[in-house]
Amino acid sequence: MQNLPALLLFCGVVCSAYPVDRAAEDENNNMELTQQYLENYYNLGKDVKPFVRRRNSGPVVEKIREMQKFLGLEVTGKVDSDTLAMMRRPRCGVPDVGDFTTFPGMPKWRKTHLTYRIMNYTPDLPRDAVDSAIEKALNVWKEVTPLTFSRTDEGEADIKISFAVRDHGDFNPFDGPGNVLGHAYPPGPGIYGDAHFDDDEQWTSDTSGTNLFLVAAHELGHSLGLFHSADPSALMYPVYNVLADLARFHLSQDDVNGIQSLYGGPPSDSSNDPVVPTESVPPGPGTPAACDPTLSFDAISTLRGEFLFFKDRHFWRKSLRTLEPGFYLISSFWPSLPSGLDAAYEETSKDIVFIFKGNQFWAMRGTEVQAGYPKGIHTLGFPPTVKKIDAAVFDKEKKKTYFFVGDKYWRFDEKRQSMEPGFPKQIAEDFPGVDSKVDAAFEAFGFYYFFNGSSQLEFDPNAKKVTHVLKSNSWLNC
């Protein structure tokens, strides 16, 4: 036991030194993170590296201040806890330097119709979910510009989209899970215009992992010529912002201003624009209030990238172009339609909205009723016992329409124009958690939204489960 004092002395020295060593190691890691971040995103020269440990080094402090200002942090010139937390968040791999919302020289496409090709797929999602996320991401920019997009499955394309890990041949390697989510190149030939996504991330259609739609909409903004924005509410802000409710997604005014500085606004005379009154209906006695906590909807449909929520004689129109929904009379848009609709859905490939009331339905393109309508709902294949439709939703990936009646549903094949055999089925059987009658339904962002009274259920068709319970009027900013 004579060596015990020496052993205790040794342990005391080591143990007391350990926190100091750990603190020094943390400090070293923080400095390395800062150095790398400033080199990657703020053009800090690699020859400045010896100065990074000198806290008052002019080049480093100025770059830290530049970063803090751009990212909306308190400008201290010091690597404080907020700055460290921001640097550790997932983000885009495109640098932030510059006081502009477009790339230097404002590169842009010299045409308004662009092609895109999905070169490969992530194993994290079904192929149709990836296709849908990319299409929706491009539609975000299509809504506010004259740009149109078409997909090709072979040959060259203006924008090539791919998933890759680590070094993938563009001298801009990915870094594994977290940190850099993707990067893209400004308009031009060859690799320019292409968007790459780090396949070490866990890509999802919801917010349980990294949402592919949100990241793709950002990266494709780069493919169209946009640089990063210093506005934290902008889609083009470099750091990934998770939205608790994807239904509330909209472009910021900064995003709109940036893309329209390159391409202008959408053509006002486009046949693809809904013809809707420019002025909303003023609220008055007897008109439904958007933020009434008991508000329910008669029917809901999409229309050329917008959302229409029908109630009695009125409807709300929600667009990605504007934050606030408009409120209109149905008769001002569709003079021949009745009020108090039962169901509606858009068949996007035909540019037609089908609207149901009682035992009849109408096919509308723009404001025009199509020839031969209204028709009886039994021409679709419903039995005589079905007197009306409660709700309908079109799955544009499968080209199927789901019709809900009471606690059952039918499925209609839009390609074959016939009701599928084996129906009706119980709603709860194939839509677990959707146990009550469905008043209205539609599809958006890869989810089905089922409405009953003042509540709505967000349903993931891939996972076959309800992911959120929301108020029906959450789409109206309530």
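Cβ from N, Cα, C; glycine included.
Under the heading signal peptide, Swiss-Prot lists 1-17. The motif 'Cysteine switch' annotation in Swiss-Prot covers 90-97. Residues annotated as Ca(2+) 1 binding site in Swiss-Prot: D124, D199, E201. Positions annotated as Zn(2+) 1 binding site by Swiss-Prot, on the basis of similarity to another entry: H168, D170, H183, H196. What Swiss-Prot lists as Ca(2+) 3 binding site is D175, G176, G178, V180, D198, E201, and the listing cites similarity to another entry. Look at Swiss-Prot and you will find E219 tagged as active site. Under the heading repeat 'Hemopexin 1', Swiss-Prot lists 288-337. Residues or ranges marked as Ca(2+) 4 binding site by Swiss-Prot on the basis of similarity to another entry: D298, D390, D439. As annotated by Swiss-Prot, repeat 'Hemopexin 2' applies to 338-384. Positions annotated as repeat 'Hemopexin 3' by Swiss-Prot: 386-434. Look at Swiss-Prot and you will find 435-478 tagged as repeat 'Hemopexin 4'. Taken from Swiss-Prot, the feature N-linked glycosylation site covers N452.
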### Task
Among the binding-site residues D175, H183, H196, E201, D390, report those whose Cα falls within 10 Å of that of the residue listed as 'active site'; none is a fine answer.
H183, H196
### Query
Near N452 (N-linked glycosylation site), which binding-site residues out of D170, G176, H183 have their CA within 10 Å?
none
### Message
Same chain, not part of D175, G176, G178, V180, D198, E201: whose C-beta falls within 8 angstroms of the C-beta centre of the Ca(2+) 3 site? Give them in sequence order.
### Response
P90, F174, P177, N179, L181, D200
### Query
Which residues does V180 (Ca(2+) 3 binding site) neighbour through Cβ under 8 Å, counting only same-chain ones at least six apart?
P90, R91, C92, G93, F174, D198
### Message
Across the repeat 'Hemopexin 4' (435-478), what are the DSSP residue counts per state (helix, strand, coil)?
### Response
5 helix, 24 strand, 15 coil
### From binding-site residues D124, D170, H183, D199, D439, the one whose Cα lies nearest G176 (Ca(2+) 3 binding site)
D199
### Message
Using only C-alpha positions, which one of H196, E201, D298, D390, D439 is spatially nearest G178 (Ca(2+) 3 binding site)? These are the binding-site residues in the record.
### Response
E201
### Summary
Within 10 angstroms of the C-beta of D124 (Ca(2+) 1 binding site), the count of other C-beta atoms across all shown chains comes to 17
### Task
Give the sequence-ordered set of same-chain residues, not counting H168, D170, H183, H196, with Cβ within 8 Å of the centre of the Cβ atoms defining the Zn(2+) 1 site.
G93, S162, A164, G169, N172, P173, F174, G182, D194
### Query
For D170 (Zn(2+) 1 binding site), which residues of its chain lie six or more apart in sequence with Cβ-Cβ distance below 8 Å?
I191, H196
#### Entry: DSSP three-state assignment for D298 (Ca(2+) 4 binding site)
coil
### Message
Please identify, among the binding-site residues E201, D298, D390, the one with the smallest Cα-Cα distance to H183 (Zn(2+) 1 binding site).
### Response
E201
### Query
Given the recorded Ca(2+) 4 site (D298, D390, D439), which additional residues of the same chain have their Cβ within 8 Å of the Cβ centre, ordered by sequence?
S296, F297, A299, D342, A343, A391, V438, A440, F451
#### Entry: Cβ packing number for D198 (Ca(2+) 3 binding site), 10 Å threshold
27
### Query
Taking the centroid of the Cβ atoms of D124, D199, E201 (Ca(2+) 1 site), which other same-chain residues have Cβ within 8 Å of it?
T122, P123, F163, F197, D198, D200, Q202, W203, T210
### Query
Reported as an integer number of Å, what is the Cα distance between D124 (Ca(2+) 1 binding site) and H168 (Zn(2+) 1 binding site)?
19
